[in-house]
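Student: The structure under discussion is supplied below as structure tokens; questions concerning it will follow.
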Amino acid sequence: MEGIPEVMKMAEIIVPVLTPFNDGKINIELLKEHTSSLLKAGVDRIFVNGTTGMGPALSPGEKETNLKAVLEVTDKVIFQVGSLNMGEVKSLAREGKELGVKTIASYAPYYFTGLPKSLIVRYFKEICGEHDEVYLYNYPSAVGKDVDAETVKEIGCLKGVKDTNDSINHSLQYKRVNPGMKVFNGADTLVMTSIATGLDGTVSAAANFVPEVLVEIRRKVSEGKVGEAMKLQFMVDELVSLAKGYGYIPSIYVLVKGIRGYDVGNPRPPLFPLGDVERKELLDKAIKIMEKYNKNEA
């Protein structure tokens with residue numbers, strides 16, 4: 001279809017990849033297999049050590065382990081290095097650069113409330129001193145503060161933003177105030193909208209278990225078939241809402257195995273794995289949701 005903006009066709013599907021654990025230890029082989037499967041499904045980049053990957057609960061060594069495992073499969077990586085330990089953040093940033101990682105990301109310092117903007121600006125400038133391409137990982141509901149478009153402009157050295165925010169207008173503000181910056185919304189419910197409004201793509205946890213659906217949403221939007229894309233988005237919305245009722249991140253492990261057909265281990269406490277009854281309930285309901293939409297599509 002003519003007249004479709006090229007940015008829609010080029011919008012990236014980025015996966016904040018989960019971290020497979022067995023008996024509390026990272027299962028490197030399962031991580032590599034999962035990463036490979038996601039790339040074959042058509043996703044563009046892998047976001048390592050994000051929220052879905054339990055990044056805040058990983059040691060520096062575990063964060064490096066995850067990175068090196070994914071790099072064995074692909075160099076299309078965003079390496080999340082955020083921490084409350086500035087020395088750790090800088091060390092991970094340098095490690096990423098030495099390993100050839102093009103892009104790193106970090107959330108703002110969390111837990112300590114009331115930090116003045118000047119300290120947040122300094123935090124990111126310090127990271128920029130260690131790596132050439134740094135993205136902001138903005139997650140206000142988890143971090144407790146919103147690093148908005150004007151603050152990003154003041155920081156001055158950031159090359160992109162992952163904005164985990166239910167407001168598409170908030171994400172678009174980064175584009176308006178910082179022309180040329182890469183901006184990705186991180187809400188599963190805004191995949192279609194992110195692409196249709198001209199953002200650079202989406203970072204969606206749901207891509208762990210339905211990557212092909214997100215890739216198809218992008219294709220439908222790029223072809224101008226917005227109604228068909230919307231139906232697929234509604235299916236994603238229902239699956240995500242269902243999973244959140246059981247605990248979203250633990251549920252993702254179950255949905256990957258149940259929908260994609262291979263094992264990805266378990267989460268690690270304090271994100272406890274679902275029990276057998278919960279697993280069955282979740283998967284039975286998820287399959288019914290997918291069958292409903294597949295039937296309607298047919």
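Glycine residues also receive a Cβ, built from the backbone N, Cα and C atoms like all the rest.
Annotated active site, proton donor/acceptor per TrEMBL: Tyr137, in sequence order. What TrEMBL records for Lys162 is active site, schiff-base intermediate with substrate. Sequence annotations record features per position, and here TrEMBL assigns pyruvate binding site to Thr52, Val203.
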Student: For the residue listed as 'active site, schiff-base intermediate with substrate', list the number of other Cβ atoms lying within 10 Å of its Cβ atom.
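Tutor: The residue listed as 'active site, schiff-base intermediate with substrate': 27 neighbouring Cβ atoms within 10 Å.
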Student: Which of the listed recorded positions (Thr52, Tyr137, Val203) has the least company, meaning the fewest other Cβ atoms within 10 Å of its Cβ?
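Tutor: Comparing Cβ neighbours within 10 Å for the recorded positions Thr52, Tyr137, Val203, Thr52 has the fewest.
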Student: In whole Å, note down how far the CA of the residue listed as 'active site, schiff-base intermediate with substrate' lies from the CA of Tyr137 (active site, proton donor/acceptor).
Tutor: 5
Student: Given Val203 (pyruvate binding site) and the residue listed as 'active site, schiff-base intermediate with substrate', what distance in Å do their CA atoms have, once rounded to a whole number?
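Tutor: So the Cα of the residue listed as 'active site, schiff-base intermediate with substrate' lies 7 Å away from that of Val203 (pyruvate binding site).
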Student: Can you tell me the CA-to-CA distance separating Thr52 (pyruvate binding site) and Lys162 (active site, schiff-base intermediate with substrate), as a whole number of Å?
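Tutor: It is 14 Å, counting Cα to Cα.
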Student: Return one of helix, strand or coil for Lys162 (active site, schiff-base intermediate with substrate), based on DSSP.
Tutor: strand
